[in-house]
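If you scroll down you'll find the structure; I have some questions about it.
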């Protein structure tokens, strides 16, 4: 009988190397004990994954392991080098730059460095910023002071910068503009990043995510400027105010906008080409310019946490004639509306008469205002196929029964609509 280990050893080296590539490098090295054939096979693995947590968060042992394995590694090119340091590690702070330099010398294509902030910032070598083979670069909790030097990422297509600190306000635009082939960009800002306005000018960019969630940002002068003519998907989350100006974004088909800006007219007025839109605003008064039509919008998700959110819903269903899917959900803690706030039902929108097929409401509470909105949609959505109502988990059995009774007895415009109470 042939043992399992023998059957595995009969596989070709290329196939085995692909399997080993997806394991932590610490586990890959253990395979060298299997047999003579396996003794040096690990040295040709094209993907190296180092994680401090797998070494019991012991810094010296981790640094020694990475040093030794990189020195013994013999693959002429590296598909990826992934370094994750989840706790403060003073020895690694000094060594990461050396490890990255080795990766650059091995023509690395994907580089990821994630670090838990320590007393000393991790500094990356200058050779990284002119690496011609790099296609994916992901950095977290890194200081990019050396980016003030010459920067040229001619092959870079994916760039993720999470909680990164820069030399000055011009460092980030300099990095972005150096990526002539960039298609995917993620920027998550952090306090003390030395940036006031994030400027994104990228002719080839297709997906963009911008996040600012820390309360350390204050004032209206922190924000984003976007000029991305080829962009298809955009995700903007800003919970601490500021602004976002879009100069050129005519081809966006999918957008997530979750912000607390007082005025979003310029932002939403620039993405009228969207087909899918997820929206959470603090106000509906200046959401988008009057007369705007979302002529391509077929899928809308609207957050119900803002006061008078129903007014924004009214505008959107009136201005989205092709809407097929409507989803309502409270994503954040709701700001209580004025006791006198009332909902003015709209004239019958085209989307309800001709297109809406799916209506879903998550975390439904059954308040008077919510019942008004839900019954209006059920009554007038003539082509509605499915309505799914999901109560809040904290709702009592009696409350759920009342919600079900109210909605089940309400008139329905579609004789084929299936009402599901999840």
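Cβ coordinates come from backbone N, Cα and C, glycine included.
Dumping what Swiss-Prot says about this protein:
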- 5-54: domain 'F-box' (DOMAIN)
- 59-85: repeat 'LRR 1' (REPEAT)
- 136-163: repeat 'LRR 2' (REPEAT)
- 164-189: repeat 'LRR 3' (REPEAT)
- 193-212: repeat 'LRR 4' (REPEAT)
- 214-238: repeat 'LRR 5' (REPEAT)
- 279-304: repeat 'LRR 6' (REPEAT)
- 305-330: repeat 'LRR 7' (REPEAT)
- 342-391: domain 'FBD' (DOMAIN)
Taking a Cβ cut-off under 8 Å, which residues six or more beyond the ends of the repeat 'LRR 2' (136-163) line up next to it in the same chain?
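Same-chain residues near the repeat 'LRR 2' (136-163) but 6 or more away: 80, 109-117, 121-126, 129-130, 171-172, 174-176, 178-190, 193.
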Averaged across the repeat 'LRR 4' (193-212), what pLDDT does the model get? Just tell me the whole number, please.
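Per the prediction, mean pLDDT sits at 94 for the repeat 'LRR 4' (193-212).
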Given a Cβ distance threshold of under 8 angstroms, which distant residues of the chain, six or more beyond its ends, lie next to the repeat 'LRR 6' (279-304)?
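Those are 253, 257-265, 268-269, 272-273, 311-313, 315-316, 319-332, 334-335, 355, 370, in sequence order.
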Please count the residues of the repeat 'LRR 2' (136-163) that DSSP assigns to helix (H, G, I), strand (E, B) and coil.
4 helix, 12 strand, 12 coil
